[in-house]
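Visitor: According to TrEMBL:
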type: COMPBIAS; residues: 352-362; note: compositional bias 'Polar residues'
type: DOMAIN; residues: 1-302; note: domain 'G-protein coupled receptors family 1 profile'
type: REGION; residues: 325-362; note: region 'Disordered'
type: TRANSMEM; residues: 12-33; note: transmembrane segment
type: TRANSMEM; residues: 39-60; note: transmembrane segment
type: TRANSMEM; residues: 81-101; note: transmembrane segment
type: TRANSMEM; residues: 166-185; note: transmembrane segment
type: TRANSMEM; residues: 243-267; note: transmembrane segment
type: TRANSMEM; residues: 279-303; note: transmembrane segment
Amino acid sequence: MAFADIGFLISMLPHCLAPYAVFYTSISFRYLYYVTKTHVNAMANLFSAAATWLVLAVSIERFIGIRKPMHTRFQWRVWKIYALIVVVFILAAAVTAYHHIEYHVKIVYLCNDRQLRALYYPVGQKVAMVPSLKIGLIGNASDPPDIPAVYALYAKWGKYLQSSTVVVMPIIAVAILNYSLIAALRKRDVLTTSGSEHNDLKAMESETTLIVSERANGSAGRKESDKIRFSDLGAIQRQERRVTITVLSIVTCFTLTHAPTLIPFVWESIDDTATRYPLFINMVSIVNNLLVVGKVMNFVLFCSVSSHFRKRMCTLLLKRPKKYSTGSTSLQSRHKHSVQLSTYRSRPRGQKFSTTSTQLDY
C-alpha cells in the first residue's frame with residue numbers, strides 16, 4: 001500500500017510542477033504536459049484505487065484477527081500475497097482505464113507559434129473545457145473532434161463504476177469494519193478481565209490438588225508452560241491493541257480525505273457543463289490536495305509505527321560514508337599477498353598443511 005501511495009504522489013508531480021514559471025514558460029514542458037495529462041491522471045487514479053482496496057484488505061484482516069485470534073497462526077504463502085497484490089492492481093487498471101479516453105486533447109499554437117494552448121474536449125460534448133481561454137479567438141482550431149459515441153457511453157458508466165467501487169463502497173465498508181472492530185475489542189477486554197479473575201480463583205482452589213496429583217515431570221512441564229502462556233497473554237493483547245489503533249487511525253484518515261472526492265462527481269453527474277466553470281476546477285484542485293494529504297498521512301502512519309522502519313531509517317541517516325583506501329595502499333596489499341603466496345608455494349610439502357596461526361607467523 002505504501003508503494004501505491006508513492007506511485008500516486010509521483011503521478012501528481014507534473015501537476016505540482018506546472019504552476020511554476022520555469023516550467024509553464026517552457027514550450028517543451030507545456031506540450032509534454034498537455035499530451036500526457038489524461039494518461040497521468042489515469043495512472044494517479046489507478047494507484048489511488050489500488051491503495052484504497054489495500055486499505056480495505058488490511059482492515060478486513062485486522063478485524064478477522066481480533067474476532068478470531070487463531071486466524072493469525074495461519075499465514076498465506078508469499079506467492080499468494082504477491083498474486084493478490086497483482087490482482088488488485090489489474091482490477092484497479094481495468095476500473096480506471098476510461099480516463100485514458102475521457103478527454104480528447106487538441107494542441108493550438110498562438111502568437112506566431114510562440115505560445116501553446118490545449119483544448120480538452122470531454123467525450124460526448126462539443127465544447128472544450130478551457131475556462132481561461134476565449135475559444136472564439138482561435139477560429140477553426142476550436143472545431144470539436146469527431147469522437148465515437150461508444151467512448152462517451154464507456155466514460156459515463158466508467159465514472160459510476162469507479163465512484164461506487166473505489167469511493168462509496170470502501171468508505172461504507174471501512175466504517176462498518178471500524179465500528180465492529182471497536183465493539184469486538186471492548187467485548188474482548190471484558191471477557192479477558194472476567195476470565196483472568198476466574199482463572200485466578202480456580203488456580204488458588206486447585207493448587208493443592210495439582211501438587212498432590214503430579215506423578216511425573218511431564219505434568220509439571222505442562223503446568224509451567226500454561227503459566228508462561230498466560231503471562232504472555234497481556235503482552236500479546238497490548239501489541240494487538242497498538243496495531244488496531246494504527247489501523248483505526250489509517251482508515252479514519254482515509255475516510256476524511258476520500259469522502260470529499262464525491263462532490264465533483266455528483267456535480268458533474270447533475271450538470272454536464274460543470275467542467276467549464278472555474279468554481280468546479282477550483283473545487284477539483286482542493287479535493288486533489290486533500291487527497292494528496294491523505295496519501296501522505298497513510299504512508300507516514302504505516303511506516304512510522306514500525307519499529308524496524310524507525311531503526312532502519314535512523315541507521316541510514318546516521319550512517320557514516322565508507323572510507324575507501326588509496327591506490328598505494330591497495331598496491332601494497334596486493335604486493336604483500338603475492339609475496340605470501342610465493343613463500344607458501346616454496347615451502348616443503350609437509351609445511352604447507354600448517355595451521356592458520358603458523359602461516360601468519362611465518
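Quick reminder: no glycine exception, Cβ is built from N, Cα and C everywhere.
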Visitor: Across the domain 'G-protein coupled receptors family 1 profile' (1-302), what does the pLDDT come to on average, as a whole number?
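Guide: Per the prediction, mean pLDDT sits at 74 for the domain 'G-protein coupled receptors family 1 profile' (1-302).
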Visitor: Six or more residues out from either end of the transmembrane segment (279-303), which same-chain residues have a Cβ under 8 Å from its Cβ atoms?
Guide: 1-2, 5-6, 8-9, 12, 15, 48, 51, 55, 131, 246, 249-250, 253-254, 256-258, 260-261, 263-264, 267-268, 309
Visitor: If we skip the immediate neighbours and take only residues 6+ beyond the ends of the transmembrane segment (166-185), which ones have a Cβ under 8 Å from one of its Cβ atoms?
Guide: 45, 48-49, 52-53, 55-56, 59-60, 62-63, 66-67, 95-96, 241, 244, 247-248, 251-252, 254-255, 258-259, 261-262, 265
Visitor: Same chain only, please: residues at least 6 beyond the ends of the transmembrane segment (243-267) with a C-beta under 8 Å from a C-beta of the stretch. Say none if there are none.
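Guide: For the transmembrane segment (243-267), the sequence-distant neighbours (Cβ-Cβ under 8 Å, at least 6 residues beyond its ends) are 52, 55, 58-59, 62, 66, 159, 163, 167-168, 170-171, 174-175, 177-178, 181-182, 185, 274, 280, 283-284, 287, 290-291, 293-295, 297-298, 301-302, 305.
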